[in-house]
């Protein structure tokens, strides 16, 4: 089969010499799923190591025998008591074979036999959690050894420990060393790799050149965002309009550009191809423009002829070139020509109608396709256009990537900051610098031995560091411990090719070992895994043979001591549930997932029911819910599984690697925080209300729109949350919101509520931490937006466990690594994961990671990338299968896309004498036959059955309660008199007071009004309008009454609040009337009041000793004008605080006034806002009681602030300003009162002493 591209581009011939001196030839890159290097046998062959591959011979691919490199597959079982303690050792630890146990035994040997101190034995792993576990396990092993030496152990030691201790001569010295080690265990050198590099650089600052007083930052995402925004602005500033349009089409925002580069950042030493810059892209575009002008010239001269040819040609198939199709194609060509310059976006589908290839394809059989020089021009133009835009995109990405990396380094250097990965780069630079030899020697003296845990997850930079420190000499040792079959973290930068390099480099030394006993799983399940990955029909189970091999492991002697049994019978350890669509057609992914989830949930419910009946047992105990794990790839799969389990009455807990910033709660919390930040923005507030945090329906929103009191109260609550955030910190405001709005109760009432409240509280904690570094609401909101844009999980943002209860566990496969579960369900093993937008692959010749941005060899590189992705899917599947101790149940069958999955490669592989490939059977019977043949050939205990019907089982917990201490319940009511009172709570039973933004309109009859409407009367009513008018007056400069200035101010406010601009004239007129109308006989006007002489939205609190309805009524009854204000009130006696907000307090000529703005609609003419109408509105809404409360507040305030305060002299009175009706030269819309001093003093005594 000839390659799709020319041989010169697809094949490189490399000649080198093997370690034995024989000349070998490497052919790269190959086509198909096999790794480089491919070594063509030339002078030597080994019968048992020869396999068939394909090489490029002449002008086609042909089979050729290819040999594995001699010695690379020689791995010997590890005896941790006799293996060397110097040199470089590679130890492959298959799943469940006791990797951590082996590290602890080696640590013990180094301590007792090599006589190293705990601080000298370096143990490196990749996470803080892993370091804590390693430290704990090593400490436990040391303590056990010490107890054995003292003769105080309650149980006999395991055979390895016994053999180690029996071989020790000086037992007293060994005991002393163990005692000292345990005392100093907190000083043991168990680090993450970043921790190790940081420690070494600081301890050897002179040799390493590590600067002093640097800040170590745990997150550089904010800096990346800053840099990419700078790049975006600087480049956008010099682009012409067409290029700007193109750029925004590619990446709408700088955040989108950063997201496109995000996948490249974890990879060190990444090579970008092709090596093109923006200058190359400009040259390519000039060629496109030349072609465009040629096209325009030909079309201008012969366009009519070409149109006629396409319209009338009898050779063309008129179903493909019908009148409508031709018309659209001609229109597209016309638009292209009329553009005048070459556009970046083409109607390519239509223009292809003019290309020779399309015309030939759609020509009738036996006919000659239409021909014209323009057709070739169009084909060349489209190809050049596509190529040039690809080059432009590649050049932009390359330049952005280079700018980002260089600026990251420069700005961190400038700010004296280091990110965790910078520690590794500093370490490498120190090792390669002039003092590198001395530096490496100093590190070796400090740590003569290093053990690298999870070595399969290393990357080239990390391997270079440890290779540079430990060259494998007699006075030092490097243990590389891991399992390449479990390398599943490429998205974090882990590089399996680095492991493969290390394996090749240690092959000749004979220091490659394997752990060959599985201590986790039952013997039958071990045999099943051996069969699945090692059956004789399977070639290259992990693709990269021989660098990653599958070597069968043995079951331990204790593997079957506590077996899983159902009704006394053993359970087949590996079970396949098969399914397909109707008539054996492949199932779509959606229905397949639904059926698999329902079946798995039903079987889990059935198992738990059997456990309650004493039928499902592990050893002698019943199976428990927490013994069962459902392994999934993604959070979405986990949620679907959780819902299926819930439908069967089974509670579960989800554990994954997803970021909490990618959750629904993060999106909804962002809306909520935006509403708190700008409560006057009704659109933001409504968006927050319809989230599941509040649960408002459309009918709820409609009701709020007409209920001014409720809307005003809601708005003021959000203002309080904002104020609490600003004054007391984010968490105080957030906790107040949670409590007042009952958000936890709202979430817990929903499906998955426990998960949701956990996410919300975790987000709140992260926001609180961020608020310490990002002061102000805007800073926190920007930080939150940045985190949501980059949802790659960190240790802090990883979803937390929502419950500690013993529930069925739903775990992502990545998160399950290192864990074990008695029973495992794999409901969706056919998943292949989301395809990356980045074409990342490893160069076959150099092994270097590359990113293809659009090279000529992209097709070949895509094949290599697909092979790498298949290899990782196989490793992920291996991890999933090997989590189980007793039983693994897997759904499988005829499912769309399943042929690309790991199970398909293992179960349905064929080679037909050539390359191995997947031959997916077309029937369930064929699928079952492949699995059955595997069982027969290997003797594995496999169960094959049809997928059980959708869940019918329902689990009911036994409900048994542990007898223990119980909290006594109080049957009575606890009196609660202390409260935060307000005008609203007194008149309507509402507990909190918010600025009164006109709760309702007056009840004036307007049916008989015939006067022409003025614009201000047509301005909308309701809480939104009231809020806007109050905001307008709060922010207005009363002295700026010129027409132009007022209109500009009003237009800004209208835009801010989402009102149409045509209201500007009416509102500016209303403002001017209000500000220039004389409020009293002395000529008082609001336009005379400066900013320094006014307080807007003045909030107050004053104490209440005891306020009762009878007491208030008794006081008001003594004053005829106010008697009705207390009639009909009903509220409980109150102790606590009175709270409120006064729209305006101002000073004029030594007197203090309070004013309240009312936007109530009392009629459509100013004359209808007369004295009687105002009195009726005041009475209807009990506004007199409101301003008595306000007056008392101002009275107390002035009494405290003015040394010679006198009510009669200093208090000017109360204005209630009905703004729609106020006009200069009249008293319409103005209500004024000055309550008598005796009334205010009586109210003062009532509130202070509880009696009038």
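The backbone N, Cα and C atoms fix where each Cβ goes, and this holds for glycine too.
Residues or ranges marked as region 'DNA-binding and helicase activity, interacts with RecC' in TrEMBL: 1-943. Per TrEMBL, domain 'UvrD-like helicase ATP-binding' is recorded for 72-522. The feature ATP binding site is assigned by TrEMBL to 93, 94, 95, 96, 97, 98, 99, 100. Residues or ranges marked as domain 'UvrD-like helicase C-terminal' in TrEMBL: 554-818. Residues or ranges marked as region 'Nuclease activity, interacts with RecD and RecA' in TrEMBL: 977-1252. Per TrEMBL, the feature Mg(2+) binding site maps to 1030, 1143, 1156. The feature active site, for nuclease activity is assigned by TrEMBL to 1156.
With respect to residue 95 (ATP binding site), the closest of these binding-site residues in Cα terms is 1030, chosen from 1030, 1143, 1156. Around the Cβ of residue 1156 (Mg(2+) binding site), the number of neighbouring Cβ atoms within 10 Å comes to 22.
Cα of residue 97 (ATP binding site) to Cα of residue 1030 (Mg(2+) binding site): a span of 72 Å. Cα of residue 100 (ATP binding site) to Cα of residue 1030 (Mg(2+) binding site): a distance of 68 Å. Compute the center of the Cβ atoms of 93, 94, 95, 96, 97, 98, 99, 100, which mark the site for ATP; besides them, the chain residues with Cβ within 8 Å of that center are 102, 483, 515, 518, 519, 520. Cβ neighbour counts within 10 Å, taken over all protein chains shown, single out 1030 as the most crowded of the binding-site residues 99, 1030.
Its Cβ placed at the centre, residue 98 (ATP binding site) has 19 other Cβ atoms within 10 Å. Separation of the C-alpha atoms of residue 94 (ATP binding site) and residue 1030 (Mg(2+) binding site): 71 Å, rounded to the nearest whole number.
Residue 1030 (Mg(2+) binding site) is 71 Å away from residue 98 (ATP binding site) when you measure Cα to Cα. Between the CA atoms of residue 96 (ATP binding site) and residue 1030 (Mg(2+) binding site) there is a gap of 69 Å. By a simple count of nearby Cβ atoms, those within 10 Å, the most crowded of the binding-site residues 94, 100 is 94.
Non-local contacts of residue 93 (ATP binding site) by the CB criterion (under 8 A, 6+ apart in sequence, same chain) comprise 99, 102, 481, 482, 483, 514, 515.
Counting every protein chain shown, 23 other Cβ atoms lie within 10 Å of the Cβ of residue 1143 (Mg(2+) binding site).
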